[in-house]
């Protein structure tokens, strides 16, 4: 009798075990390995490619631990690069332009601040020049995820007031974005996440400020997204020095630009900002307030 029960249990359990094993294999396949497992640990990643985008802008590609790894960075978060330069520890935040749809690598687009270019900063940018001088095969330490905002999809933003606060989830229909220079990278991250989901009906409005037309980072990528998703992504530029044939705005971000090219204030509108602190403090915040956007619906990366 015991032998019969044992045989019966194997007959009953075998299909169950088969289904369980199949489920586990599928689950494992659908969950790629994550590089940034612990935000307190530094992960050395190897430079595998360097692309010249413009006279002072580069795209750096770093290999993840395996071709099956993803970075593991939530939308809206950033990483820190750290290294020693002239004996001193230098740490800088960056937002990748690649996403977790990309396996095996992470891309950073960086504007290189060369020495003896700007009279106020004769030494140039320490980290950007370090990256510029890296050789293929060299490594640098990544740490993350970091940041106070996460885009959860379908208009939902989880925002914390500080690192110790619990996130508050805001659901919106429109996102107004003001970016200055390299501040475009977190905006592009959010825009791509919205547009890749056909069921996400959030509309993104980007006002992108630069010194000149040649300084506009990632312009081909932005305009391709606008052309493919014209009803869901609105794009406008302003530059300090405009060429003769220029179809966009000229000058610092002002009240008129915000009224004309960002969504109106409302319960279903969120404003995101990223750029030089003087731009945020003196151009963005005062003019957003004049237009009627409340501070609690404005977030600065």
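Every residue, even glycine, has its Cβ placed from backbone N, Cα and C.
Annotated FAD binding in Swiss-Prot involves 92, 93, 94, 109, 111, 114, 126, 127, 128 plus, out of the candidates 35, 185, 202, the residue 185. Counting other Cβ atoms within 10 Å of each Cβ, the lowest count among the recorded positions 43, 94 belongs to 43.
Taking the Cα of residue 92 (FAD binding site) as the reference point, the closest of the modified residues 42, 50, 120 is 42. Figure note: comparing Cβ neighbours within 10 Å for the recorded positions 42, 50, 92, 120, 128, the maximum is reached by 128. A C-beta separation below 8 Å, combined with a sequence spacing of at least six in one chain, links residue 126 (FAD binding site) to 85, 90.
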